[in-house]
Amino acid sequence: MKIETSTTPSSENYFEHEQGTRKLDFSEDSPYFEPFKPFDICFSRKNYFNAEGTGRSSVLRPGMVVLKRYINVRDQIQIVKTCQELGKGPGGFYQPGYKSGAKLRLKMMCLGLNWDPETKEYEELRSFDGCEPPAIPYKFLRLVRRAIRDAHSLIEKDLIANNVEEILPAMSPDICIVNFYNTSGRLGLHQDCDETEYSLRKGLPVVSFSVGDSAEFLYSDERDAENAEKIVLESGDVLIFGGESRLVFHGVSRIIPNSAPMLLMERTRLRPGRLNLTFREY
C-alpha cells in the first residue's frame, strides 16, 4: 500500500550535502546497498568518552524551543538500548548508498512508517526489502508528549503568552526517523516537509531527541548555511519546532567528538557519534 503525500511545499533534499545531483539506489539487487547486514550502534566491548552539558532551555523563536539536558542519563541509556535492539532486527538500521558506490555517513531506521529518502514518501513497508517498520515504543511517545507540555510552559513564561497551542501545536507522533551519525557526519540545510498537507498546515511540530556526541545545529529562514543561526545540541537535549517555525531550514554542520556523557558511554558502549530521533505526525 502506498500512502499519498502532499506536494506542499516543495521538498528540499534531505541528504543534499552528500547526494548532489546523484540518485540514491534502493533496488534489491543494488551492489551499493546492504539491507540485511545488521548494524549495532554499540560496541561489543568497553570504550572511552566524556562530557558535560551547558546552556539553558529557551525559546529560540516562535514555535521553536530547545529543552537543555531534558532527558536524564538513565532515560538516555534506555533509548540507546531500545534503538540498539530494534536496529539489529527486521526493519532496523540500514545505510543508503549511491549508484556510484558512495555511501552516506549515517545509518537510518524508521519507526511507525518508513520514509524513503529517494522518493520522499512514507510507506507502510520498506520498498527495498519488504520489512515493516517497528512500532514506536510507548516510552518514547510518553516522553515526546511530556516535552511538548513543558515547552508550552516555557513559552507561556518566556513570551508571557496564553495561546501556547497556537504558537506550538500539540501532536501525537506516529512517525520516528532514527539516524545514527558517525563523528564525520553532516546534514545539509533542508526542510522537513514530506508529511500530509494537514500536518504541515497545522504546524504540527517535529520533536528531536539528541543522544551521544554533541552536534552543531544550524537553522534559518532560508537555505543559507553562511547566515544561519547555530546552537550546540548535547546529549539529552530536546529540540521542538512547529507552528510558524515548522518549515524552518535546519541541518548539522558537525559532530563534536568525545562529547558524550561518560556514564552513558560506560553503560551502553555507544559508538562514537550522535543518535538522533525525530518524531512527527503524518
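From the backbone N, Cα and C atoms, a Cβ is placed for every residue, glycine too.
Listed features, source TrEMBL:
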COMPBIAS  1-13  compositional bias 'Polar residues'
REGION    1-20  region 'Disordered'
DOMAIN    172-282  domain 'Fe2OG dioxygenase'
BINDING   His190, Asp192, His250  Fe cation binding site
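Here the features listed in TrEMBL are placed on the structure.
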| residue | record | Cβ neighbours (10 Å) |
| --- | --- | --- |
| His190 | Fe cation binding site | 17 |
| Asp192 | Fe cation binding site | 22 |
| His250 | Fe cation binding site | 23 |
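Per-residue pLDDT, averaged over the domain 'Fe2OG dioxygenase' (172-282), rounds to 96.
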